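Chemist: So Swiss-Prot has the following annotated:
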{"type": "COMPBIAS", "residues": "17-33", "note": "compositional bias 'Basic and acidic residues'"}
{"type": "BINDING", "residues": "ASN180, MET209, TYR238, HIS274, SER294, ARG295, GLY296, ASP335, GLY336, LEU337, ARG338, GLU374, TYR401", "note": "substrate binding site"}
{"type": "BINDING", "residues": "HIS378, HIS442", "note": "Zn(2+) binding site"}
{"type": "BINDING", "residues": "CYS522, CYS525, CYS530", "note": "[4Fe-4S] cluster binding site"}
Amino acid sequence: MTPTQNEIHPKHSYSPIRKDGLEVPETEIRLDDSPSGPNEPFRIYRTRGPETNPKQGLPRLRESWITARGDVATYQGRERLLIDDGRSAMRRGQASAEWKGQKPAPLKALPGKRVTQMAYARAGVITREMEFVALREHVDAEFVRSEVARGRAIIPNNVNHPESEPMIIGRKFLTKINANIGNSAVTSSIEEEVSKLQWATRWGADTVMDLSTGDDIHTTREWIIRNSPVPIGTVPIYQALEKVNGVAADLNWEVFRDTIIEQCEQGVDYMTIHAGVLLAYIPLTTRRVTGIVSRGGSIMAGWCLAHHRESFLYEHFDELCEIFAQYDVAFSLGDGLRPGSLADANDAAQFAELKTIGELTQRAWEYDVQVMVEGPGHVPLNMIQENNELEQKWAADAPFYTLGPLVTDIAPGYDHITSAIGAAHIAMGGTAMLCYVTPKEHLGLPNRDDVKTGVITYKLAAHAADVAKGHPGARAWDDAMSKARFEFRWNDQFALSLDPDTAIAYHDETLPAEPAKTAHFCSMCGPKFCSMRISQDIRDMFGDQIAELGMPGVGDSSSAVASSGAREGMAEKSREFIAGGAEVYRR
């Protein structure tokens, strides 16, 4: 693996964990010395992958692991069709920017084999992917295997996406975040979407979903997968709809199955399938304030009503499982009836679908297919935990993957914040992955800056949840920042920040000179009113006396201060302070 040169801060460097032939990426942050001595470098999780030319794609990290197991083979694959790139490509006669990098023949399981991480885990096999994840999460590989075997965690790694660096989604591991990218019929290009992918993973996206609905759907996805170090998810019904000229009623199993296989062969790692939208549940949405807000959910609801039968996704679910088991594609069982407003939260339609999704989860597990369950949406704070509890009950602890939820509907332009509040809350209660929301939610297609804002905001929510859950090592990052802050190590504060660029920019707006990077104050309070500087001065002036007096620690109820010796000592210091002019900073 080639180290990335373009780090987000000069104190950052690529510093992998190397063990048993594996090279697991981490970022090392070099810290300055404290007054009391040197600080060890701080290490953080890294998602960005190696530096590469987007026209060539990433190294095929997992290729040898996959083929060494001896249970897959290459085959010719389906014929590439122009309609795969949508109606605009049909009119032009070609895709706008064909992928010309490496594209080996696709792999799939040999007859009678299932090549999923769940199948291996249930057979007692610890794969290289599991070993990689264990090093990345700083846990035992057997623990990883057991969680995957039970369905409580997934490692989404299609055999046709060998460029991906294994990661795990489960509530006993670090909370992960997903970033959505993808073009629309109105805007964006292949180059822009690849740039968004690289930008999202640079700032910490653990997975990326390509939700393209516009031009060059197939080709855009090819560029994204070949350049992605993280798992790629899709909602295949979007592309299938494009193949039938956008008419939901004209969709059928044959078109959808062909689209699924197309995406499996390309290397999509997980797919959102709205198989829980049943005909009987649609009338339950009629009294809602915002109806059905999921694009996939509305497409399938329209199809069910047009044909007055259960969807082909539900009727052919077992065949979907068989296909996914041949490529190790994970289900992301979509919540097509999720609430789109607080008024509709936790209603009969939402929970009826969730219960069906739980049943589908068990069916997928019969085929050793990995599953995560999608969740809301828009939910008031006081109603969030019920979603965790019912998902864990009905879906047997399969990883929960939620969009927020947004906890208020009054802040267009700030929905990254309204949703991050709910995201931190629901992740604290057990949700394994959070789908980011950008400031453009409900308003427009996010650009590169919006992607960064969404990722940073959701990294905050995920980390806050990990701290609250007591995840091993989570608070160490906060403690390192707090120590740097108290010691006025400004450059270390910037380096330890989720977004060093913004931290530096805000600091330098008022104190741009280089000496300000070592000053014992900031522009908020100035030099005379900085609480941390005053606290440091108190330690410097009275530290020995405080230690001698046996000042109690936090929660120490023995109250050594109450002793007569302590009272006399404090009185003496009080007289000295007043006699000296009663100034904290003596001139």
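Start at 1 and count along the chain as shown; that gives each residue its number.
A Cβ is built for glycine as well, from the same backbone N, Cα and C atoms used for every other residue.
Predicted, not measured: the structure shown is a model, and the values here were computed from it.
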Chemist: Based on DSSP, tally up the residues of the compositional bias 'Basic and acidic residues' (17-33) by helix, strand and coil.
Modeler: 0 helix, 10 strand, 7 coil
Chemist: DSSP secondary structure for ASN180 (substrate binding site), reduced to helix/strand/coil, please.
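Modeler: The three-state answer is strand.
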Chemist: Checking your reading of the structure: which of the binding-site residues ASN180, TYR238, ARG338 lie inside a 10 Å Cα sphere centred on HIS378 (Zn(2+) binding site)?
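Modeler: Checking each Cα against HIS378 (Zn(2+) binding site), the hits are ARG338.
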Chemist: Please determine which of the binding-site residues listed here (GLY296, GLY336) has the lowest count of neighbouring CB atoms within 10 Å.
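Modeler: Looking at the binding-site residues GLY296, GLY336, the Cβ with the fewest others within 10 Å is that of GLY296.
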Chemist: Cβ under 8 Å, sequence separation of at least 6 from the ends of the compositional bias 'Basic and acidic residues' (17-33): give me the contacting residues as numbers and ranges.
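Modeler: Hits for the compositional bias 'Basic and acidic residues' (17-33): 1, 7, 9, 11, 39-46, 48-49, 128, 131-132, 135-136, 165, 480, 484, 489, 491-492, 495-496.
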Chemist: State which of the following binding-site residues has the fewest other Cβ atoms within 10 Å around its Cβ: ARG338, HIS378, HIS442.
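Modeler: Selected from the binding-site residues ARG338, HIS378, HIS442 on minimum Cβ neighbours within 10 Å: HIS442.
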Chemist: For the substrate binding site, please report the maximum Cα-Cα distance among ASN180, MET209, TYR238, HIS274, SER294, ARG295, GLY296, ASP335, GLY336, LEU337, ARG338, GLU374, TYR401 in Å.
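Modeler: 20 Å is the greatest Cα spacing among the residues binding substrate.
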Chemist: Non-local Cβ contacts of TYR238 (substrate binding site) (under 8 Å, 6 or more apart, same chain)?
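Modeler: Residues satisfying the criterion: LEU211, SER212, THR213, ILE217, ARG295, GLY296.
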Chemist: Using DSSP, would you call TYR238 (substrate binding site) helix, strand or coil?
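Modeler: In three-state terms, TYR238 (substrate binding site) counts as helix.
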Chemist: Take the Cβ of ASN180 (substrate binding site) and count every other Cβ within 10 Å, whichever protein chain it belongs to.
Modeler: 23
Chemist: Let me know how many other Cβ atoms fall within 10 Å of the Cβ of SER294 (substrate binding site).
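Modeler: I get 24 for this one.
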Chemist: Compile a sequence-ordered list of residues in the same chain as TYR401 (substrate binding site), six or more apart from it, whose Cβ lies below 8 A from its Cβ; state 'none' when nothing qualifies.
Modeler: ILE169, ASN178, SER332, MET372, VAL373, GLU374, GLY375, THR431, ALA432, MET433, LEU434, CYS435
Chemist: How many Å separate the Cα atoms of ASN180 (substrate binding site) and HIS442 (Zn(2+) binding site)?
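Modeler: For ASN180 (substrate binding site) versus HIS442 (Zn(2+) binding site), the Cα atoms are 14 Å apart.
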